[in-house]
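Report on the structure given below.
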Amino acid sequence: MAPPPVNSGDAAAAATGEKSKLSPSGLPIREIPGGYGVPFFSPLRDRLDYFYFQGAEEYFRSRVARHGGATVLRVNMPPGPFISGNPRVVALLDARSFRVLLDDSMVDKADTLDGTYMPSRALFGGHRPLAFLDAADPRHAKIKRVVMSLAAARMHHVAPAFRAAFAAMFDAVEAGLGAAVEFNKLNMRYMLDFTCAALFGGEPPSKVVGDGAVTKAMAWLAFQLHPIASKVVKPWPLEELLLHTFSLPPFLVRRGYADLKAYFADAAAAVLDDAEKSHTGIPRDELLDNLVFVAIFNAFGGFKIFLPHIVKWLARAGPELHAKLATEVRATVPTGEDDGITLAAVERMPLVKSVVWEALRMNPPVEFQYGHARRDMVVESHDAAYEVRKGEMLFGYQPLATRDEKVFDRAGEFVADRFVAGGAAGDRPLLEHVVWSNGPETRAPSEGNKQCPGKDMVVAVGRLMVAELFRRYDTFAADVVEAPVEPVVTFTSLTRASSG
């Protein structure tokens, strides 16, 4: 028996319906899985899971598993009540969907640096720093132009300033090696002075502000970030009450910030003078608050997190990698040369460069990216597509995106030569998936995008750290204890360069 004739109109409608369920790339469009639960109570429960009962990575992995491997999910993000008015986000947990957050035409990043809450502007002299401005804001380009010009003009000071900081830091490590020596504390102490020397020159804050300069800087950072900090206060119920329930009052760090600001007003006077002559349209006091933020939050805060992670991975890799790095460094800059390691020299060290990029892939200094959808859009993961509505908060957890097994072989492992052409696990084309700087490593920051204006300086400091370490030492050993934000690294032995 012949089948009934098909009405051409019905067939066309069916075909149109099928097409409407596919994304432009041909992926099936699905409803975003997950949910937000009961207002107040579910965000509170999720906050406890995130900080204490599961930890950040397991918080996301467990929800991915719960929803059949979907990597675009609806979840609550801390801090939740009472600091955050709306904890609801659409989480992007794979390399493909995450890239939406790097497209400034698709996301609005005004006031999203820290996520679902905005620190009080009283912490920033009443101003909104560059990092909290959307790329479309006219002030963004004006301020970023000054910051990028500063970073470019001071790049030739980075290597000598770092060399001095490294020597002082590791002289202190060696002096304390009768017992275990914690790297993190020394790193904080010397990297604040390095940051200011590299960016502005002049007397370091440890001399002008005094020994309390680092303490004041850390207190100012803590008052911004305490809603998303954890395992700082024990027991955890007390931490919940003190750090995650209400915003700490800015007046408690007003005096310390005033001392730091006074230091930068003098140290950065030439930069501020030049900006005024260039008629940037940004008042001097506002630009000063921005320079304080760039130096302490972006630069010093980044080095505080990033360098312990580099040392962690080197410590775990052991003597075999150490020997390869020492050979490469000393072949490029012999230990007897007085000029020291330059940026041009580390550019000729492919393994050193790869180690730094791999550390940035495994542990990006800023783990999160946030942005509001500028319009209704379709977000694609590897396997499906999802409709997002205008105004929804998009969130990316970068450690999952940059360890995506569909992009990287041995994605969860530290592979030292991953970015060496012809290396064991790949080569340079993978760099576009290293996105720690709020943009691909293959792209440059500009006035019109949200990529880190100090991207090149951060990478340079990482390379100098590795190169200086293996110019001075053959190998080292250290204990590593994982902790939120950064690992605690304790040196137990250092073996001086045999040819030194």
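From the backbone N, Cα and C atoms, a Cβ is placed for every residue, glycine too.
The candidate list Lys304, Lys353 contains one residue that Swiss-Prot assigns to the substrate site with Phe297, Asn298, Pro365, Val366, Glu367, Phe368, namely Lys304. Each residue contributes its Cα atom, and for Asn298 (substrate binding site) and Cys452 (heme binding site) those atoms are 9 Å apart. Rounded to a whole number, the C-alpha distance linking Lys304 (substrate binding site) with Cys452 (heme binding site) is 16 angstrom.
Ranked by how many other Cβ atoms sit within 10 Å of their Cβ, the binding-site residues Val366, Cys452 place Val366 at the bottom.
DSSP assigns Cys452 (heme binding site) to coil, not to a helix or a strand.
The separation of Cys452 (heme binding site) from Glu367 (substrate binding site), Cα to Cα, is 14 Å. Put simply, Cys452 (heme binding site) is 12 Å from Pro365 (substrate binding site) when counted between their Cα atoms. If you measure from the Cα atom of Phe368 (substrate binding site) to that of Cys452 (heme binding site), you get 14 Å.
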